[in-house]
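Here is what Swiss-Prot records for this protein:
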- 1-16: signal peptide (SIGNAL)
- Cys47-Cys125: disulfide bond (DISULFID)
- Ser58: site 'Transition state stabilizer' (SITE)
- Ser136: active site, nucleophile (ACT_SITE)
- Gln137: site 'Transition state stabilizer' (SITE)
- Cys187-Cys194: disulfide bond (DISULFID)
- Asp191: active site (ACT_SITE)
- His204: active site, proton donor/acceptor (ACT_SITE)
Amino acid sequence: MKFFALTTFLAATASALPTSNPAQELEARQLGRTTRDDLINGNSASCADVIFIYARGSTETGNLGTLGPSIASNLESAFGTDGVWIQGVGGAYRATLGDNALPRGTSSAAIREMLGLFQQANTKCPDATLIAGGYSQGAALAAASIEDLDSAIRDKIAGTVLFGYTKNLQNRGRIPNYPADRTKVFCNVGDLVCTGSLIVAAPHLAYGPDARGPAPEFLIEKVRAVRGSA
């Protein structure tokens, strides 16, 4: 039965490929890097005030995918290129389609990978304000990682944005163990994954406008509430 369910899921999802919008992919390329490792490569002696950790959607390229570069660009406009570090989740997070069918919407290895980035941010730059985000499987990954974090680190995450949240129904539009007022979930009308399905319909591929405007605006507002407007 489990094999049948997984096979059915993979067939349904594969029939809806590509899992990203070509226009969003083009915009991501035009904005520049779809891979960012500022936290991993950064020097603790020159920490940014803000660290953004983001998980891409299934099958997306780089570690920022299609939506991450837009958010990153807006954050850098607000805080300066030296004022914010951008870090995508790579490594053990393979963003494979099959992992969507796992109980938490992604793999245990992926959750450990993102947890490690939050922990590294806390160790390397203990005074930095953390923000986070994720799209599709990456939204489930961000939620699971934040849920599992030590409360002292979780409390440092000023805001989190989730697009096409595959665990939206199960988690009632929230991230467990994390304040609702620090969470912004973007679920388009007709995006079936937000209502408990794993079928990718057209609305699931249309979060570009949110990544360019409301999502980074929310994160910027939350950071400034913690650090001030400077």
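Cβ from N, Cα, C; glycine included.
Everything Swiss-Prot records as a feature, shown here on the structure.
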residue	record	Cβ contacts under 8 Å, 6 or more apart
Cys47	disulfide bond	Trp85, Lys124, Cys125, Asp127, Ala128
Gln137	site 'Transition state stabilizer'	Ala55, Gly57, Ser58, Ala95, Asp99, Asn100, Gly105, Thr106, Thr166
Cys187	disulfide bond	Gly164, Tyr165, Asn168, Gly173, Cys194
Asp191	active site	Gly164, Ala201, Pro203, His204
Neighbouring C-beta atoms (10 Å sphere around the C-beta of Cys194 (disulfide bond)): 24
For Cys187 (disulfide bond), the three-state class that DSSP assigns: coil
Of Ser58, Ser136 (the recorded positions), the residue whose Cβ has the fewest other Cβ atoms within 10 Å: Ser58
Cys125, His204 as recorded positions, winner by CB count within 10 A: His204
